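Chemist: Straight from TrEMBL, here's the annotation block:
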COMPBIAS  1-12  compositional bias 'Basic and acidic residues'
COMPBIAS  36-47  compositional bias 'Low complexity'
DOMAIN    122-213  domain 'Late embryogenesis abundant protein LEA-2 subgroup'
REGION    1-55  region 'Disordered'
TRANSMEM  66-89  transmembrane segment
Amino acid sequence: MTDHQQRIHPVVEVEAPAPTTPLVPHGSATSEKGSPIQQRPPQRTIPVRPPPPPRKRSCCCKCICWTVSLIVVLLIILGATIGILYLVFRPQLPKYSIDSLRISDLRLNFDMTLYAKFDVKITANNPNKKIGIYYEKGGRLSVWYTNSKLCEGSLPKFYQGHQNITKLEVVLTGQTQSGSTLMSALQEQQQTGQIPLDLKVHAPVAVKLGKLKMRKVKILGECKLVVDSLSANNIISIKASNCKFRLKL
């Protein structure tokens, strides 16, 4: 084989370069410098509904609101008026005391009822400087032993002025059933020299503020007495007396 013979070289196949993965995501654009430009995703438009108009209050609701407001205002005015009247007049309850108690008659009747007649002297004191008191018709005064009413009488109708002291004489009479039992109990109690009696007062009155006469109220009171004897036609000695009174509208 000569030098001029041709040499046979193996043919090497050159592989084509593999395609590279694009650095820019699909659907994005690039700038002039080659850097990717982020594109915002498409936004969804949500329609905004206007708020519903406020409902109108019913006539009934408005009426209730006005009524409650009116009541509150009236209560405030009433409270202020009472407070002003209290500061101006300084009201005080009248005071009462039992001056004397005399038994005119205490005996058993043929029908076994107990008849009693008491004479009571009372002092009524009005300590108010600007308040007068009208004692109306229907006032009652009664004497009790335990739960048995011995006698009862009417209080006189009169007007008591400012800072006035009035002396009252009231005659009380009454008949009580089961007189023999009650008389025996009174006689046994008399031997001890201490007989408990309750004197109760029920007086309808009207208060006068200046020239204004107010509505009627009631004075309720009770005086717990301890006397030494129940002998007829004798002035009884009052050993103890405790009186309490209250006003009832």
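A Cβ is built for glycine as well, from the same backbone N, Cα and C atoms used for every other residue.
Note that TrEMBL annotation is computational and uncurated.
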Chemist: Are there residues at least six beyond either end of the transmembrane segment (66-89) with Cβ under 8 Å to its Cβ atoms? List them, or say none.
Modeler: 128, 130-131, 209
Chemist: As a quick check of your reading of DSSP, tell me how many residues in the domain 'Late embryogenesis abundant protein LEA-2 subgroup' (122-213) are helical, how many are strand and how many are coil.
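Modeler: Within the domain 'Late embryogenesis abundant protein LEA-2 subgroup' (122-213) the tally stands at 12 helix, 56 strand, 24 coil.
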